[in-house]
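Listed in TrEMBL for this protein:
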TRANSMEM  A:12-32  transmembrane segment
TRANSMEM  A:39-59  transmembrane segment
TRANSMEM  A:79-99  transmembrane segment
TRANSMEM  A:111-130  transmembrane segment
TRANSMEM  A:185-205  transmembrane segment
TRANSMEM  A:226-250  transmembrane segment
TRANSMEM  A:270-291  transmembrane segment
TRANSMEM  A:298-324  transmembrane segment
Amino acid sequence: MSEAFLYTVEVFLNGLMAGVLYALVALGFVLIYKASGIFNFAQGVMALFAAMTLVGFQNGQVPFAHLINATFGLHVTNFGWNLHSVVAVFLTVLVMILLAWAVQRFVFRHLVGQEPIILFMATIGLAYFLEGLADLMWGSEIKTLDLCWSAGHCLPQGGNFWIEDMTAGLGGEGFYGFFIDSLDIVAAVVAMVLVAALVAFAQYTKQGRAMRAVADDHQAALSVGVSLNFIWILVWSLAGFVALVAGIMWGAKSGVQFSLSLIALKALPVLMLGGFTSIPGAIVGGLIIGVGEKLFEFLIGAPFLGGATENWFAYMLALLFLVFRPQGLFGEKIIERV
Amino acid sequence: MKMKFATMAVAAVMAAGPVMADLVFPSLSYRTGPYAASGIPFADGYADYFTLLNERDGGIGGAKIRVPECETGYNTEKGVECYESTKGEGALVYQPLSTGITYQLIPKATADGIPIHSMGYGRTSAANGKVFRDVFNYPANYWDGASGAINYLLDENGDDIKGKKIALVYHNSAYGKEPIRTLEELQKTHGFELTLLPVDHPGQEQKSQWLQIRREKPDYVIMWGWGVMNQVAIQEAVNIRYPMENFIGVWWSGSEADVIPAGAAANGYKALTFHGVGKDYPIYDDIQKYVVDTGKAAGAGDQIGTVQYNRGMYAAMLAAEAAKTAQEIHGTPDIDAKMMRDGMEALEITEAKMAALGLPNFGPEFKVSCEEHGGPGLVGVTQWDAAAGTWNVISDYKPTDRELISRLVAEDSAAYAAENNIEPGCN
């Protein structure tokens, strides 16, 4: 096989992997939008907040240490112990549930019945609040995320040598085998499990069915005894969990830092393409955007346009789809009768 | 009652107005936002040096120093707001640590007669003091950085890099594009192949660029990054097993925050520098004694000795030395911004002076003049030792291609002068 073809396949595969990571972020948006009609601008910041909280727990960091020290003249920074990653993840999930409760109790409960734009603006405020809270709790410095479930078993880093070696013989001397990031493979598996779990939860559990009922018609759900408050806390908790997973995968690549909140920008074209209300749509949309932008950069962007085309091409691709399917690939069809 | 009211009003006005005896060095810092990891140590170093002078020496020339801090979040609009809100306090010089903010402040500060010192960033052609009378960028600028990187590679390859493949991975912004022209000119001279690989802001996703590097196998990669782009690039280089010793970042891509997330695999990564690294300088004894032990360290006090902390301290030291020079020229400790500008233009940094300040061999010797606001452009190279968790200087400060850089500075500053009806000159 020609090297050009093999390298195109490599770019395609890496596009799929990148798409999975985009889809992980988009999933959180979909969950909340589907259940409450709120476009959660704070989803990216939730990923940052969750990842910072996880690392803080892992390292035994004292939350609000800077504030405590400045106020009381102390010098506390660390509890002196490190938590096992599994325990830290569990505690972080609890924090995200607490956050979901607080968001519902202090923000959205007071905004029931308001226009979607008001709810959207509330999430913008929430994003800024969470940014500040995360900095205040855990500090602004970059943190390394090492997630290990047992001794010697941590999130992998680097290219997968096995795939590289096994495929090196497919081309000539100028082909070095397919490069696939091991962390991306883990992310793909995690995303698949997550989607399967979410679908199973929505289909086969009482709370899941209640969640779907609220998504379909929250007034009808309310009339048959479904607690709207509980469902919204549940949905925000699930979105918080998805944000934690996205934060772990992205944070393991770049360190946990403020820029994690900007990964939301990568989810927007995915949502436009896949639809705001479909979990499979988020996955398929992510894959199409990932593959589309990587192939465009490889075949046209880098050789003819000077490179760095991925950001704008993702939006161009999403807009192109919108021309033909305004509701996105899997979104609910918009029917308006006059 | 009227008397009482009048007294209170006068007291309020005095409290609100600038204290004329203070020397005011505003710190346009960013302790929040995507670039906080670099902004915090720089701001800490800047503040701690002035605290040291206040505590140990009673200020500069007997005048106390005040460092009002204003948070910019690395946002250009906020930076301009910070400038507007602090300039009335008697600001002597601004060092905004942002090329974007610097570009916006150049016309404003020039009109207000307040000098700007953009050390290793900002508008490179500001080195021409005949056009940019109030702007200084000593001791080195971006184009020195580009030339310094190539000179280092020449040294490594017996002065011959003809046919070598060099890739530039750069932040796709005005900042990141700064070295391109210089590298293209140097390409003509030295015959290397240059590949340009832009990375869009913020740089969280760079798979395409590093797959291309893996395919094309350049001999060297030079990086012009900032913020998260640095950490991701170093991690991606590790992922594709690119040899770290052939990967060189500009000085804004060479701090602890850039390499630590990649762990031990980042060992051997290199970065340019124009000042010393680490804590092995006598000044740190004084900082410990007068600043840390007295509980007056800026921020959390946990950044001391990092690359960006040292850079902030160096920036403050150069400002303080310029203020001393201004006091000597004008014969008064109570200097204003215009006098400060005179001090900056007459600044001379010698090794004897640096050693006396507790910073021997920390930076190059240089002398500023009206014609040369950019300093000598001497560039060194540092390398990351992951096991020890330290940066080490591996190449002395060496001269860059001044003939080329002077020509480029002259061209760009002449264009700026023509656009803004500036008559170049030294009077």
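From the backbone N, Cα and C atoms, a Cβ is placed for every residue, glycine too.
TrEMBL labels come from automatic prediction, so no person has curated them.
Only pairs six or more apart in sequence are counted, and the transmembrane segment (A:12-32) with the transmembrane segment (A:185-205) gives three or more Cβ pairs under 8 Å, enough to call it a contact. With pairs at least 6 apart in sequence, the transmembrane segment (A:39-59) and the transmembrane segment (A:111-130) have 3 or more Cβ pairs within the 8 Å limit; the two touch. With a cut-off of 8 Å on Cβ pairs spaced 6 or more residues apart, the transmembrane segment (A:226-250) and the transmembrane segment (A:298-324) reach fewer than 3 such pairs and are scored as not touching.
For the transmembrane segment (A:39-59), same-chain residues at least 6 beyond its ends with a Cβ under 8 Å from one of its own Cβ atoms are 25, 28-29, 32-33, 78, 82-83, 85, 87-89, 91-92, 95-96, 99, 116, 119-120, 123-124, 126-127, 130-131, 133-134, 137-138, 143-147, 239-240, 243-244, 246-248, 250-251, 256, 258, 260-265, 267, 276. Here the transmembrane segment (A:185-205) lies next to the transmembrane segment (A:270-291) in space: the count of CB pairs under 8 Å, restricted to residues six or more apart, reaches at least 3.
Sequence-distant contacts of the transmembrane segment (A:298-324) (same chain, six or more residues past either end, CB-CB distance under 8 Å): 7-8, 11, 265-266, 268-270, 272-273, 288-289, 292.
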